[in-house]
Amino acid sequence: MKRRNADCSKLRRPLKRNRITEGIYGSTFLYLKFLVVWALVLLADFVLEFRFEYLWPFWLFIRSVYDSFRYQGLAFSVFFVCVAFTSNIICLLFIPIQWLFFAASTYVWVQYVWHTERGVCLPTVSLWILFVYIEAAIRFKDLKNFHVDLCRPFAAHCIGYPVVTLGFGFKSYVSYKMRLRKQKEVQKENEFYMQLLQQALPPEQQMLQKQEKEAEEAAKGLPDMDSSILIHHNGGIPANKKLSTTLPEIEYREKGKEKDKDAKKHNLGINNNNILQPVDSKIQEIEYMENHINSKRLNNDLVGSTENLLKEDSCTASSKNYKNASGVVNSSPRSHSATNGSIPSSSSKNEKKQKCTSKSPSTHKDLMENCIPNNQLSKPDALVRLEQDIKKLKADLQASRQVEQELRSQISSLSSTERGIRSEMGQLRQENELLQNKLHNAVQMKQKDKHNISQLEKKLKAEQEARSFVEKQLMEEKKRKKLEEATAARAVAFAAASRGECTETLRNRIRELEAEGKKLTMDMKVKEDQIRELELKVQELRKYKENEKDTEVLMSALSAMQDKTQHLENSLSAETRIKLDLFSALGDAKRQLEIAQGQILQKDQEIKELKQKIAEVMAVMPSITYSAATSPLSPVSPHYSSKFVETSPSGLDPNASVYQPLKK
């Protein structure tokens, strides 16, 4: 088998690209695409009256059922469908409609943004806040425009299906932890048995093994890889551990043996199929550091060519097979495949080491000639790129700190505004109480004013009636006066003609009548002034009444409430009266029952006494009846009669020859 040496100096390097502009344009285009898709789906929802975003979890469910049927069999797929259907039914029955639609839509859009390569950052969080705000403020209250009965099962599936997948994920996580624990226990047992086997060897071989181990550790400078490397699933690395690979490995040699294990735990992106034992300690140290820095920048063609060369010659290029954790990209969180490779054991490592050390020194020289110029060419670029990465990390850290400070300032401002709103709420409550008190006082004043208005209207009517009556009397008085004057003139003329003596009396009478007329005119003027004043008061009261129409509405509402309360009080009093009557009737019935029971007991006692007396009478009475010989006037009495019943003890004479009952 021919050996091929990779000419590292002739490898094609990729063109340099400005990563800052590329990242900005790529991220903005990605989030603009998200916004456009979201807007189009909302528009389709509004136009067609159906929520199309609910179909995406249904499509994911169909894919997962197909994958489970293809890889895990029919039984598991049927079980998965039954569990998902049960979860959907529970969500459909027990979650209210509005909360169900809100949770389903929010989960769909949040999960859609989560499926990006960016992870959790400020744009994704802002998109999440936008989606949640739109769902809560607009679509949460507006369910009339959609077919609720058609969309509700899909909404229940959007909640039930993630719950089922979360349950399966939790189960797999628990089983993974249990498997790791079992592996650790088995590893401890294997180490214990290995120590027993080493102790069982002769002491000379034990000393030789110890010396070999010390020489290997001193020559390598880097500790050997643990045989218990964690097997990584899904072929990816978590997003929060992509940047923690370069710095711990650069400082690899400065730390002790205990810290080396912690640094290896952070290097989670190493593929298990490519872990091999190094050929030489110096060559391994140089090429490990070089390839760790350069593998971050190599494109896919370079990686493919180096992997083909590594497969053909595993000894010369064993140290080039380390892959950087930052170069591995996680495909999607839904991937179910695993990259579980075989890790070589300690015996295979020793065999490879012996094979590689047995080669001629010319191979080492060739390898140094092929790789050292490449190291000298690539180290400055790697350092520059590392410095750029460090600057980017510092800038990101500073930006995150600024965002954190802004969020804290927003939280403090929101808390202060909340306190101000609470104080304003207290003031508004106090103002509301004051306004209620003023309204109550205004209602009371309005009642008083209405009472005064009614009294004044009554007085006005009385004054108008008195005025009309006085005017009638005045007209009658004028007519009578005219008639009297006419009659007086006639009488004067007649008297003057007949007698000249009556003129003085008539003149006195005329004077008196004129004085009375003047008095009546004065009284009329006074009454007219009073009537004018009353009319002015009535006008003022009418204006006041027109201004208080709003208070009349309040009074009507208050009167209606008072009528209701009066009706309720009347009904309550009627119910209490009925209850009292029922209780009194119940007491009377109980008393009558007790009296009847007492009478029944008395009758029972009387019956018992009568039975005793009957028994005594029947015991003493002869077999034949006798007539009353001594008293012929008395009628024949029967053998037994109720008239002979006595409450006192029996007064019979036992010495009598013939028994005769005594009549009382």
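The backbone N, Cα and C atoms fix where each Cβ goes, glycine too.
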From N330, N340, the one Swiss-Prot labels N-linked glycosylation site: N340
Which range of 280-314, 385-419, 420-454, 630-664 is region 'Disordered', per Swiss-Prot: 630-664
Distal contacts, the transmembrane segment (154-174) - CB-CB under 8 A, six or more residues away: 51, 54-55, 57-58, 60-61, 64, 80, 83-84, 87-92, 95, 100-101, 103-105, 107-108, 111
Sequence-distant neighbours of N452 (N-linked glycosylation site) in its chain (C-beta under 8 A, six or more apart): L541
